[in-house]
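**Q** If you scroll down you'll find the structure; I have some questions about it.
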Amino acid sequence: MSDPSRLYTIIHSDLPAANGIIHIIDRPITNSLPNGPPRDERFADKTIGEILRKDGKFNRFLSLVDNCGSPPPLHGAGPLTVFVPTNEAVDQARDGSILYMLNDAKDKLQELLRHHVFSQAVLTVDELAALSHVRTMANQLVTISASDDGEILLGEKGVRLASTNVMASNGVIHMIDGLLYPPSILPILPHRCDVIKSKITVGPCVHCSYLHETQCPEGSVEMESHQIGCEYANLPLGPTHNKGCAKYCNATEQVAECCKGFYGPDCKPCIGGFQHPCYDKGTCVDGIRGNGSCSCHSNFKGIACHICSDPSKHGDNCDEECRCVHGVCDNRPGSGGVCRRGSCLEGFSGDYCDKKATPCNVDGLLAHCHIHAYCTHTGLDYKCLCRDGYNGDGHSCSPINLCLKSSRGGCDTNAECVYVGPGNVSCVCTEGWTGDGKVCVEINNCQLEGRGGCSPNANCNHIGPGQSECVCKTGYMGDGKVCDLINPCLTNNGGCHKLAKCELKDDGVHSCSCPDGYAGDGNRCFGFLLDELDMNSRLYSFFRLIQKFRHFSEDLSGNLTILAPSQEAIRNMSKAENSFWTTRHRLPHFLRAHYLLGVYSVEDLDNLLGHRLPTLNPSTKWEIRNVSGMLCIGNASIITHNLPAINGYIHVINQVLAPSRSDLPPEPPTVMAFLNSSSSFSLFREYALTYNLSGHLGGLDFTLLLPTDEAVRNHLNRTNSSFLDSDVFQYHVILNELLFPDHLHDGMLKSTLLGPDYQVQFHLIDKNQTAVNDVPLNGSFIEMQYGVIIILQQVLKVRRNRCSQQVSLQVRGRCSDCDGPPRCLFNYSPIREQFPANMKPNCFYRKRVGPRRKFVPGCTINCLRLTTDHSCCPGFYGHECFKCPGDDGSPCSNHGQCQDGNHGNGECHCYEGFHGTACEDCEPGRYGLNCSSNKRRDYGPHHRGMVCSHQNVAAPQPREKLAEPSVVTTFLECSCDHGKCDDGLTGSGRCLCYKGWKGASCSVEIRDDACGGVCDENANCVTGPQGSAAVCVCAAGYEGNGTFCRELDLCSRSNGGCSEFAVCTKVSPGERTCACKKGYTGDGVVCLEIDGCLVNNGGCHTAAECIRTGPNVTACRCQTGFQGSGRFCYPVNPCRTDNGGCSKYALCEYTGQGQRNCTCHRGHVGDGFNCRGTTNNEVYRQSENDFFRKMLFMSETPGLYGDGPYTIFVPLQETNNESTINEWKRAGRLEHMVRYHIVSCEILTLSDLKTTKSVVSVSGYSLEFSLKEGSVWINNRSVVVKSDYTTSNGVIHHIDTLLTPYRLQDKPQLESKTMNLSTAATFYGYGRFYKLIEDAGLLPVLQMPIHQPFTIFWPTDKALDSLPLERQHWLVNPDHQDQLAATVKAHIIRNSRLTGVGQPSKLMSYRTMHGSTIKLSCDKKLVGSVLINENAARLVERYMAFKEGLGFGIDQLLEPPGLGAFCDSLQNKTTYGRCGTCLFPPSCPLRHTDMGRTIRCLRYPSRYQTSYSFWHPDLHGRFSRSGCKRFCQFPSWVQKCCKNHYSRDCQVCPGGVEDPCSSHGDCDDGVTGSGACKCHRGFKGKACDLCASGYYGTNCTGVVL
């Protein structure tokens, strides 16, 4: 015992037992064992997870925890006992098992880690020693034993404890010198015997010239031979099938299989081990699909074939008779034939139950055997033997608990041994295991009928004995128990092209469709050439060059073939070449030399070998050649071909194609040359020389905001300066930017030469005019050699844009009507809701007045753009703007100045006389509200306070003191010789004397006790003034009535006045000290959290934000544009996440170092963060347009496509209902009502509507506007309630009531889908023109499907009646039928239903059946009115629908130019079917007519390979490529010129129609003709109207000899 001197009293003694004696004592004996191992409690307040990160000795184990995917709950509440292997122990596992688990078997790693955690209790090493085993979180046992020298050993391999008892808040850590491997994951390394299989496949079929570009499918290897003659479609621009080549590929597949003796997906060893599966007594169902169960041989049974099927047999083959006589045979193969323990019948004992067990004393002899013993006699001698299940010498027998033996009663490691009785146990497999207890195998839930409770749409993953997880299959989501079908469109867009719309159908199948403006099948979508160049990363370098050219979008709008140099080709350009061709004045010529006029696939080019094709650069043509099997254009080869676009193809070439330098115009001047040559900028030129502008620019791109001389003079006069300041000069220079007019957008910010904090802003003001810093731009842009000059009429005022302060940014508003509400850009709000009364106009804006627009005076006020900064308010400091010390509103208690701001540290610099963290108290010896004395020399205006003595003593100054303003004071210090001064803000200034002293300054020693000894020992007897009675007064540091004084412990009262974050320590009676706790700083009275972020950014990276998470505890978070741990951050592209914070309709462009620019997409306007699209986009995007969107949908009216501009009036849903829409829908006239809300041709703002009387809607009906009480009314029926929602091509106004073009009851029911042309002419009232169609014999032509649908421009009956009588008679004269047919055809556009006629754009023109052109344009006098062929006619009625097409009424008969020149007609074109066998040749293409005959063809053509099979088919024998294809025809409307007319415009041949080439030659006529005359012999001249040299006479027949 640890205390032998301690006595215990025995209450009852000598209680006998079979194996000893018991004494009962009065109290338990404590501390009877020596002290156990010490506890490490340094981190007892931390969790185990936190401790592991504190010390490097846990690094290896921590690394496994961090990388296992699903770690044990080391940060949880506990209780936990964790066995952590040392770093050396982990390092010793060098057999690859750790790496394998980290990379390929994390489920095993998770189970390994769980096997190191006991989650039922906190077990110290002493408590571990008392246990035989523990069950870990892996649901498996770890045995606990002791070595010979007393060391604790864990597991079967005897892993030793390295260090113990590291205590944590949620448990304890023991370090061990090895790893504890749960049996369920052994063997760790995979036991796979995978099988390799091979298969021959075919790669993609392509043009044979580009076979080398193709790749075999992933996982296959290219073979030496390839297939010739496969078919590929020249999609999408050409439906023709072509013959090509494909590679043969050898695909090898590795099929997973387990080695012999292993089973399941993880290839676990069979029961008994892979070397002796099923203990060699059965056959294991092994293999990767096996379940590991045993199929026992005959004579054996059991889960592991470990029991003989015959209960009376034993032996290795279960063929030996059991020798058990009077018991139950142990029928296991290795039992030796003994009886089962405890099975002997009464009166028998022994291993074979063959010995008689006679009860003692039955013979009358007094035998002192134990009660659980029996006697054996040998003659007169007897012997006591303990019964089965007991152990002893017979005289003393104790029960045997086999569970406590090392064999655990023969139970399996994963079974519980349950004590049943002496020598008898029951073995029960633990949860997750199954068997008879003697042998237990793990349960695989996934192989049970219930599959671990997993959904049929989930995979069941076995993770340990009786443990499984359910993971939903690909395409499903949920917890695994329940898995719902995932919309495939939500993942990778359902496999559709990234631009396509993926739509889930009701049957779970999804479809892909390309968006509007794109073509393709949804799996592949392509736009126009410009879109494809923009989106193809391989063409990035070439597209960057294209973007440098101002008019690139115009160039790429036609039908072209782009020869795009690869990035490698552009990189291979020499520095001189690159410098020469990439200047702005040469770049257009360089680019246009890469644009072929027309659309050519590589197959088309293949058929044009030897031809020279023109480019968009007029002087450049390129020859098509074949060089060594490669198709070449100029000096370049096509390396990637047939990249489709809507308006052409893109072919990637391996070299740039540079045009001839001799054709280039001279280059523009340098900026200094321009300034030297212009007299309007002489002042700026002087400053350019002074401030070395050329040196700043170097060879960089730039934009110079150039003020005129007058602007500079005005600036100097306004600022009263004699010269232009350097900052002002540099503020007008923008480097690395070329800002052409079409590159500027509203809100654009550009850094100037002053740096990124100084930016200029381009924005829109009234009339959509662009301004820079509120200075309007007059459109003067001059291109320089390296830059752009923008002329300014004012000098810009320098602005520092980025000061990171909280501001409400005021920006210039938009000029608008002074009587209306102020207008701002986009989401900015005006500083006032209305203009001030009687505000004078301060700007001009463009407004429609009657039939035209003009500048009118208006008003503008500033608008607010709210921005958030990160500056701290006064009295706050640090990154998170913590409050300075002191009460709210009183930083530093108003007794000092706080070091505040973002970078301040919150320290208070106290005024004179004050001290403390918050300047909350007086300096020692000072007292009173102002910490001053009553006797002082005061030169200030008021009284300051009181002091104890008259001495001038300097007070200590621990930090810099700040004198208060307006007062000069000499402060005196309170002085007590033998006592304490009652100082401080609430002090009285009196001296409190120590024991034995008295007096005002405690300077008088008390020598006599005038109080008669009644005073407390800690009190002074003090005599009052003028001999008054003496009294007892407690000494300093004590309190009481004098006769009783107790020690004053300040710390026991409110922590002694110390901070709650401080430790109060009593140092003497009435004295204490305050010390701030760890992580805090201050004087103890006020303790502030230490802001770790103020020192070295809290250890965070410079690109990280430091976050204060506690007292001197920090966390780090990388800033936007960076990633990492925070302690280290590296730049990333912020555009990859949430589009970089840009609008979803903007392009986020990464600029490096985590920065990005936001630019609205084409067709959108805004600052990149707020982008608005076209009018059509915004109608569908904004919820307030839902009602109008429903109208569009129900009417089947096409959207507002095209360039616009549009003005639309959108009814609000709150004030309208669908009944009216349904009524118009039933009448067949909903389209008329919907289009009545749309006005084309012009953007009409609210201000414009106030001065506009009437406009024509897209439906053709007029809208009337009026002004009532400041509001705009439409047709005196509907009022504009919300106005001027601007879009990129129009404006949207919201109205309260639907607009109707006419009274519905006045119109008959319209059945346009069943009405034919004849009925429509009568219904709509156009019978006169219909009669002309009949007279011209065109009705049968128009009924042909090839022409339908068609659009007809119908002259009204009134228009035809107004023709001169001669013209009317001419039209009906049968002799003029051909001319009449041509005239009628000039009013019809075939094969098109033109729904956009009411919304004309600048380039809207159509070719008629006659061949002439109809051009549509807007009437500039009446908004919305549409003119035809520049006022040749006007639309008077629109959208007259009928079955065959669409009609538009016009007010004039169109007289087509070149009557008799165009002869467009129907022509049968010859085509062919695909080449195939002559016995069954493939059919003709769809809608093509089979002519009933075939022609010979080559089935496997090779374009460049020499072949003789055409002449000698027998050379190829059975591989002959000869075949047949069908002869087909299909009708086509062909553009043709009449006889003696040529070119696309069908001009007349020289000499005229009646006498082409003067009848002395043949004209090269037709659409493709040149019009050149090939003169007969003897004639010459353009029209063959001259005699050739040597010929003369009227017919040039004479020959001069």
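Note that Cβ sites are derived from N, Cα and C of the backbone, with glycine treated the same way.
Note that the coordinates shown come from a computational prediction; the quantities given were computed from them, not determined experimentally.
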**Q** Choosing among Cys993, Cys1021, which residue does TrEMBL name as bonded to Cys1011 by a disulfide?
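**A** That would be Cys1021, the partner TrEMBL lists for Cys1011.
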**Q** Check for me: which candidate out of Cys919, Cys922 does TrEMBL give as the disulfide partner of Cys910?
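**A** Answer per TrEMBL: Cys919.
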**Q** Under DSSP, the domain 'EGF-like' (266-306) has how many residues in helix, strand and coil?
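**A** The counts are 4 helix, 11 strand, 26 coil.
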**Q** Between the domain 'EGF-like' (1047-1088) and the domain 'EGF-like' (1131-1170), are there three or more C-beta pairs closer than 8 Å, counting only pairs 6 or more apart along the chain?
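**A** Not in contact, no.
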**Q** Quick one: which of these disulfide-bonded residues, Cys296, Cys910, Cys919, Cys1011, Cys1021, have their CA within 10 A of Cys1032 (disulfide bond)?
**A** Cys1011, Cys1021
**Q** Tell me the Cα distance separating Cys296 (disulfide bond) from Cys1584 (disulfide bond), rounded to the nearest angstrom.
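**A** Computed Cα spacing between Cys1584 (disulfide bond) and Cys296 (disulfide bond) is 111 Å.
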**Q** Expressed to the nearest Å, what is the distance separating Cys919 (disulfide bond) and Cys1021 (disulfide bond) at their Cα atoms?
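**A** Cα of Cys919 (disulfide bond) to Cα of Cys1021 (disulfide bond) measures 38 Å after rounding.
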**Q** Nearest to Cys1015 (disulfide bond) by Cα distance: which of the disulfide-bonded residues Cys296, Cys305, Cys910, Cys1021, Cys1575 is it?
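**A** Considering only the listed disulfide-bonded residues, the nearest one is Cys1021.
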**Q** Around Cys1015 (disulfide bond), how many other C-beta atoms are within 10 angstroms of its C-beta?
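**A** So the number of other Cβ atoms within 10 Å of Cys1015 (disulfide bond) is 23.
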**Q** Looking only at the recorded stretches 266-306, 485-526, 1007-1046, which one has the largest tally of CB-CB distances under 8 Å to the domain 'EGF-like' (399-441)?
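**A** Out of the listed stretches, 266-306 contacts the domain 'EGF-like' (399-441) most.
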**Q** For the disulfide-bonded residues listed here (Cys305, Cys1011, Cys1575), which one has the lowest count of neighbouring CB atoms within 10 Å of its own CB?
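**A** Each of the disulfide-bonded residues Cys305, Cys1011, Cys1575 was scored; lowest Cβ tally within 10 Å is Cys1011.
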**Q** Output the single range from 45-180, 266-306, 885-920 maximising the number of Cβ pairs under 8 Å to the domain 'EGF-like' (442-484).
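**A** Checked against 45-180, 266-306, 885-920; highest Cβ contact count belongs to 45-180.
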**Q** Out of Cys910, Cys1011, Cys1021, the disulfide-bonded residues in the record, which is closest to Cys1575 (disulfide bond) when you go by Cα distance?
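**A** Nearest listed residue in space: Cys910.
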**Q** Could you pull the average pLDDT for the domain 'FAS1' (526-657)?
**A** 86
